[in-house]
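**Q** Below: one structure in structure tokens.
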Amino acid sequence: MGGRVFLAFCVWLTLPGAETQDSRGCARWCPQNSSCVNATACRCNPGFSSFSEIITTPTETCDDINECATPSKVSCGKFSDCWNTEGSYDCVCSPGYEPVSGAKTFKNESENTCQDVDECQQNPRLCKSYGTCVNTLGSYTCQCLPGFKFIPEDPKVCTDVNECTSGQNPCHSSTHCLNNVGSYQCRCRPGWQPIPGSPNGPNNTVCEDVDECSSGQHQCDSSTVCFNTVGSYSCRCRPGWKPRHGIPNNQKDTVCEDMTFSTWTPPPGVHSQTLSRFFDKVQDLGRDSKTSSAEVTIQNVIKLVDELMEAPGDVEALAPPVRHLIATQLLSNLEDIMRILAKSLPKGPFTYISPSNTELTLMIQERGDKNVTMGQSSARMKLNWAVAAGAEDPGPAVAGILSIQNMTTLLANASLNLHSKKQAELEEIYESSIRGVQLRRLSAVNSIFLSHNNTKELNSPILFAFSHLESSDGEAGRDPPAKDVMPGPRQELLCAFWKSDSDRGGHWATEGCQVLGSKNGSTTCQCSHLSSFAILMAHYDVEDWKLTLITRVGLALSLFCLLLCILTFLLVRPIQGSRTTIHLHLCICLFVGSTIFLAGIENEGGQVGLRCRLVAGLLHYCFLAAFCWMSLEGLELYFLVVRVFQGQGLSTRWLCLIGYGVPLLIVGVSAAIYSKGYGRPRYCWLDFEQGFLWSFLGPVTFIILCNAVIFVTTVWKLTQKFSEINPDMKKLKKARALTITAIAQLFLLGCTWVFGLFIFDDRSLVLTYVFTILNCLQGAFLYLLHCLLNKKVREEYRKWACLVAGGSKYSEFTSTTSGTGHNQTRALRASESGI
């Protein structure tokens, strides 16, 4: 026990504050913030506390008491805050408040004199421009003035509110919102004015349009007409006038001048007196034309066009590309003139029909977006009126249809340009290549035009219905038929338009157009562009490899047989005579004609040029000559049988004069009357127009009928002579053989050309095969009839064969046959055959 007390005493001595007791008896080890009670105890000072009230050991401490902590026994009062201090506390006024007494601190509520501080009064610039300071209890706020708002970055900075763009204005729709700094105004727009009794500026302003045109406030030139618009006005050219160069129309400063025709001149390099006179007359109309007489000018222009179409004069003799170029220029110029003159006419429909049935239909009315239907006897059209108006010309919109029926001369032999997609479709359908297209125009040429000329690609398609016109020569006539036109084999009904072509002057095309249907004598089309349209019947020339093979092989065989006939008639002496001469020239004509037919019958390119006309003329001459020589054979039979005792027939000179002279005369007269009849777009043969085919068909029919009469007479005479006891029985048998041969020859050649006359018809595929086969058999038949079946010719062939085989056999053969052959030669006339 004594040891423990000693150890505690030693520890006490080492602790801080441990001192020996003073003389008064107070402990010297009391902790900080405490005071001595006696020599062995201490007590914490006010505002501090320890674990026990009396501190008896130096290890205890006195900690500060937080009088302000909750629950607080201190009450500072309102608008104040309690602040704890070391061993005590203070009451201070809250931020935004200050004591009235001036003391910074106080101890209890009774000493509280805190009151609100007016920061707005102390610092008027607390809120920046366009802001107002508002004092609050203990603080302040900034409020923006009306028409302003705080910026997001700083709640003390205000900026202007644009009521016009934010939609916070109640302005009437007839006014214009004008933003001001912190406010806005509702003011009338330019060209508007407040309605009577309404102010101009406040938010209750209501405005109305000012009619500058009726009030005289406009500044339009005298060449224009004032048009009031909502809030403004425009100056538009008078009807029949156009803006001066470089000045836009429908502006306030627009200045206009009277419209004039564009210069009409023949295309470069085209020399035609008829065309020059026509263009001169049109130019005279243009110089004399006035806006007030637009209707009369339209009628006069159409009459001039009709005169040119009905009496083309030397235009008809121009080459097809030149005529097509003239057609292109004529149609384009007519559209421009009608477009210009139509704008001088009063609003509403307009129709004019010339004595030649050329018809013009116009529709003139204000802009809109409704569907409009207009039509005439030859065509009808349905379109959206917004398409007719366009964007360039603000005036009344114009749509027109100009139907010209008599354009056969200018558009003759025009070709159809098949685009690659159409070509591929046709070749897939017919499983063969397309060599060309034959066209037949079924309708008038209808030029469609609008107010503007930007019609290559329309916003919406236009519907057309074109009437079919009666046709007798492959082109459109004037009177509509009562029945529909049905396409035949390899034919198609097309809605085509005339397209400019630098090489051919112009051609038909179908891009952008499709046929929707055909009934009641008309065809309906839909097109996405405008031009001059027509309904065409296209006959596709599909390459027939079988027919081509038959033609080439068969004609080659025929030419070979004809060549054998020619050599036989020239070299076999026993058969020489007038009849052999006839057969020789007949074969020569057929040989030359077949050679030309094989080499040049097809017209490549579709244009009828000099080569094609020459081939057609030579074929015409050769085949006519062949029939003339065949008629001479009938004449020889007439002299032999009917007039057997009255001479020897015609001499060789007369035979050649008739056989070659008569065909030459026929061809010459035909060419002089209608030279364009030679050549067609597809084949180099006689054209069907104006009955030109009868220049061949007529003589052939006459020759066949005459020969038939001669042969009937010959057979009748032979029958009479055979019924008698006639000493010339041998000669009569020979005549009978000659007659049978001639009849067979006439039958073959006649039947061949009966089919051949129709070979070039569009639906003559079967007839073409028949004609080709018979034509290929002509040479072989003539060789069989006049050579192989002729006994004398066969004997000559044997001699030639023996001569080629060897001389001994030929000597033996001639010794055994010389006697009989000599007797036969003496017994017969030189002109007789030996069948």
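Glycine residues also receive a Cβ, built from the backbone N, Cα and C atoms like all the rest.
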**Q** From the topology recorded by Swiss-Prot, do L618 and K717 fall on the same side of the membrane?
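**A** No, Swiss-Prot places L618 and K717 on opposite sides of the membrane.
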**Q** Return the single candidate from C527, C561 listed in Swiss-Prot as disulfide-linked to C513.
**A** C527
**Q** Could you pull the disulfide partner of C68 out of C44, C82, C91, going by Swiss-Prot?
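**A** As annotated by Swiss-Prot, the paired cysteine is C82.
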**Q** In Swiss-Prot, C114 sits in a disulfide bond; tell me which of C93, C127, C133 is on the other end.
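**A** Swiss-Prot annotates a disulfide bond between C114 and C93.
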**Q** For the disulfide involving C36, grab the partner from C26, C44 as Swiss-Prot records it.
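**A** So the cysteine paired with C36 in Swiss-Prot is C26.
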**Q** Look up T816, T820 in Swiss-Prot and give me whichever carries the note phosphothreonine.
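**A** T816, according to Swiss-Prot.
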